[in-house]
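Here is what Swiss-Prot says about this protein:
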{"type": "TRANSIT", "residues": "1-35", "note": "transit peptide"}
{"type": "ACT_SITE", "residues": "H65", "note": "active site, tele-phosphohistidine intermediate"}
{"type": "ACT_SITE", "residues": "E177", "note": "active site, proton donor/acceptor"}
{"type": "SITE", "residues": "H273", "note": "site 'Transition state stabilizer'"}
{"type": "REGION", "residues": "322-343", "note": "region 'Disordered'"}
Amino acid sequence: MIHQSMTSNLSFYISSVSHLSSPLPSLSRLSLRCCSSLPAHDMETKPSQGLYPLHRCKTIHLVRHAQGIHNVEGEKNHKAYLSEDLFDAHLTPLGWQQVDNLHKHVNASGISNRIELVVVSPLLRTLQTAVGTFGGEGYKDGVNTPLLMTAGAGNSDRPAISRLNRPPFIAVESCREHLVCLLFYLLHDWHFLEMKTFAMFLVQGVHPCDRRSNITKYRELFPAIDFSLIETDEDVLWKPDIREEDKDIATRGVKFFNWLSTRKEKEIAVVTHSGFLYQTLNSFGNDCDPSVKNEISKKFVNCELRSFVLVDKCMSSSDPPMTNYPGTILTGEDASSDIADQK
């Protein structure tokens, strides 16, 4: 269902979750920039662009984590996702190469100099991707600056990473990966599930690779990342027998975007997961041309970055316009020409 907060003949921005029975109450606040889906004969009379005040817009750079060990093992055999050996999966050597390439890209394109905040999901693979991509070039002896990552953190052979001249990093639970039920594997490959393991189906419902480590451990490995928004040291959100439904992921994602819109920063990087991105971004683009909808919501590959404009269409943003100029209200005889023009 498409939200009708704008006039019916405008379709610049998205405010619905297509697979839900009714619109999310909070979704109408936000939009991702896209084109109109107007018929060709209407293009000359109806605008195909969106026009919003600049101070109500943010640029967000969405990044999926680089290749993790769970990605490799899962490609070989889907059953591997159920292995405790993949608990809080770390990056592979190829994953770190992907991070190095993305690091070069954000520096060469100027993105790294514009970003004011890096938001990251508190799992090892996303933390490693975030600091490797948006962190400093490396720690140097004698430079008194906090470390984004200690040397060798997370079974890596990487040197320490400095936060020198880098933006703040903050970990947020609400952009974590979704929980996946074993039913997926039951449908994907029925024969692997023997009757003796059927009882496990009732209690073992999600991937251990999506369960995070304690925050105490993360603070030791990533000293300069702010974990203050995470309320519990242990992972109380991951459940061994509960599957988060797609619509719930979308709702969580929309709430996360709402939170982004309240931040003072105007350009933000978010390092997160493919499932979270797919379900959240699928909430947008339903009144766009199909090619634009696909550009918004298609699945991310490892270490992919896409940039969007996030628009707050309500009055939730309190930031004043920084580039507007009020002009001068004329009085007396000088006002006559303006008054005449308004009649």
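Quick reminder: no glycine exception, Cβ is built from N, Cα and C everywhere.
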Give me the Cα-Cα distance between the residue listed as 'active site, proton donor/acceptor' and H65 (active site, tele-phosphohistidine intermediate), rounded to a whole Å. 11
Position of peak Cβ density within 10 Å, selected from the recorded positions H65, H273: H65
Let me check the 10 A CB neighbour count of E177 (active site, proton donor/acceptor). How many other CB atoms are there? 25
Pairwise Cα distance for H65 (active site, tele-phosphohistidine intermediate)/H273 (site 'Transition state stabilizer') [Å, integer]: 6
Using DSSP and three states only, what is the residue listed as 'active site, proton donor/acceptor'? coil
